[in-house]
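Database features, via TrEMBL:
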- A:126-416: domain 'NADH:quinone oxidoreductase/Mrp antiporter transmembrane' (DOMAIN)
- A:6-21: transmembrane segment (TRANSMEM)
- A:28-47: transmembrane segment (TRANSMEM)
- A:67-87: transmembrane segment (TRANSMEM)
- A:107-122: transmembrane segment (TRANSMEM)
- A:160-182: transmembrane segment (TRANSMEM)
- A:202-219: transmembrane segment (TRANSMEM)
- A:240-261: transmembrane segment (TRANSMEM)
- A:273-296: transmembrane segment (TRANSMEM)
- A:308-326: transmembrane segment (TRANSMEM)
- A:363-385: transmembrane segment (TRANSMEM)
- A:405-424: transmembrane segment (TRANSMEM)
- A:445-466: transmembrane segment (TRANSMEM)
Amino acid sequence: MEILFIITTLFIVAVINLITKRKSIIEVASIIASLIYLVLSVAIALQVSSSGLYAPWSWQFFAIDDLGAIIVLVLGLVGFTTTIYSVQYLRQEMYKNIIGFKRMKQYFVLLNIFFAAMFLAITSSNPIFAWISIEATTLSTAFLISFYNKPSAVEGAWKYLIINSVGLLLGFFGTLLFFTSIDLSSAGLINWQLLTANATHLDPLLAKIAFVFVLIGYGTKVGLVPMHTWKPDAYSKAPAPIGALLSSALLPIAFVIILRYKAITDIVVGPLFSQRLFITFGLLSIVVAALIMFNAKNYKRLLAYSSIENAGVMVLGFAFGGLGVFAAVLHLIYHSCVKVVLFLSSGNLLLKYNSAKIFNIKGALKIIPVTSVLFIIGFLIVTGIPPFGMFMTKLYVLSSGMKEYPIVSLIALFFLALVFVSFLKYITTMFFGDKPDNIEKGENNIWLLIPQIFLVVVIIILSFYLPPFLHTLINNVVLQY
Amino acid sequence: MNLLTLQFLSQILLLSIVFLLIMKKNFSAVSAYSLQSLVVVIILLNSFFETKDMWMLLVILVMLIVKVILAPVFFIRLIRKYALAFSVSTYLSTPITLIIITILVFIAHSQKLIPLTRIVPDHQVLLSLALSSLFLSLFLIVNRKGALSQIIGILSFENSIVVFAVFANLEQSAALQLGIVFDIFIWIMIASVFISMLYKHFGTLNVSSMKNLKD
């Protein structure tokens, strides 16, 4: 029931936003929808935690497992905070004549469709429907990336559209190959459970080929190196809240879909095959992202590469298994929250300085102190500084790989340290030193700060205390993967 | 429909992609795409005659409207609107392109890919041809500099996957296929809008001229 209610609400709000001519209605409707989404996502997570798999109508259309419930919860949280921020952010842009009412309206229509598509992708029990939903996320966000209608934004959106479409078609081909284990003429609608139950009928070589296609396909959406090329362009050109959602919501969803196929592949060919692929892509993502971050010139692109690096950490966690999986899931939650903090704070910087270039930002701590503190806290969290939770998750991921893959863990450790050094260099440049005279001191609006403050509080709480239901969900994920 | 007819249709699909790889005019490219989509529709019709599933007929009808009629109409309107008679060149020269086409077709027919082409042993030749089309479509996307050619490359890729799925007996339920066609339709519309946006901002559809974004 909750699932249908969420989907219906999001689509109704998208339609309301499309037909109404009043700004306030669009804003209120979008906030209400995201609040409903948040409340019901908590209800779903609690239900899955207490009763196990949530599969209404006997797996016909929807099924939410433990990992799915965690993602639904993350979606609810980041969806609500980014919507609150979006309202004020777009008001500021309208005030500055950067956008008009039509653009604002378009933004909230697409935003709600994007939420609905992400929700359908993670809750769908059918792998093909999940694929259609992921494709729908590409289509709904393409115009959000080209939102400002500048040559660079159109270029970024074009790359995003083409690279992701090709990637998803590869993923679709891989998905179809997994279906060879089932007699489709009599099976009816295929779901994840049926696919897993029939995994032993899959030809091992075909399973390997299929998994490679799926990993490359959905890995493009995750942004794993070398399929990451669209990511810095799209993240840097999209409005700040959209960058936040791409990094904190869409990335984990695509990753979870890969994990579902990994579980099936592991049944057929054993865990070593997917483990080696995960280690290769994970490590490559950390190394390449760290090297590029060292010479970053644009702070939004820096955040995009940080997402690639953190995706690499999550992938390594699932490759190493056991404690690594526990840490990777926690890392995913922390990363989603902190990336929203960083992207939204970068939006404040952009509003103030009108530039995304690192070297154009000076003395931000004196000009927008709260935003600066939030960005610096975000930096400390995302680079894994104690006592924040990401320190422990990175430590656990690397230590879980130390026994079997010490070289991989050490290389990853070195490049994670490099990421910290790079970030620190930019933080010093941007936030400290003398403030420029031509920029007015003061924050833009309190509502451009509250979402980040709320998420920082959530991260700090989760760094020291895991609610029992979340603990149960994560433990179940560890058992499953 | 016997195997030979299906083989003939698969060869038309493959040749249409080879043509797309070497053609010089956008109008020809759109015509080739329309033809290959018609081939896909005919192959699906054959599948319908075997299953007699009326929902499948609806899917075929929608596919005919979207891929054979609407998509080419969209593209031809764009070609006329922006006077894009000639397509943007390829990254590789025609002789090298032809050599790579040969290699890709050879790989698709090689023993290494037997697990893919023997999914249905009786359809090995058909699956090899579908796989060749798939590889060539991917090559088409990466080798052509024109945005319109890239779009047609992606749609060819999707057509090749559909044909592969039919020959491998991996067809999905009609409802899901409708969902996929609807997705493709929206994709075509969005891609067409982006073509217009690219032309307005860059004055060309040559994607190699897009150099605004760098690290």
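Glycine is treated like the rest: Cβ placed from N, Cα and C.
The transmembrane segment (A:28-47) makes contact with the transmembrane segment (A:107-122), as judged by at least three Cβ pairs under 8 Å among residues 6 or more apart in sequence. Within its own chain, the transmembrane segment (A:363-385) has Cβ neighbours under 8 Å at 306, 310, 334-335, 338-339, 341-342, 345-346, 348-349, 352-353, 391, 393-395, 416, 419-420, 423-424, 427, 430-436, 439-444, 448-449, 452-453, 456, 459, counting only residues six or more beyond its boundaries. Contact check: the transmembrane segment (A:107-122) against the transmembrane segment (A:160-182) gives fewer than three Cβ pairs closer than 8 Å, residues 6 or more apart, which falls short of the contact criterion. Contact between the transmembrane segment (A:445-466) and the transmembrane segment (A:240-261) does not hold: fewer than three of their C-beta pairs are under 8 Å, each pair 6 or more apart in sequence. Packing against the transmembrane segment (A:67-87) from elsewhere in the chain are residues 27, 30-31, 33-35, 37-42, 44-45, 47-49, 54, 107-108, 111, 115, 118-119, 122-123, 239-241, 244-245, 248-249, 252-253, 256, 259, 329, 332-333, 336-337, 340, 344, 347, 447-448, 450-452, 454-455, 458, 470, 473-474, 477, 480-481: each is 6 or more residues past its ends and has a CB under 8 Å from a CB in it.
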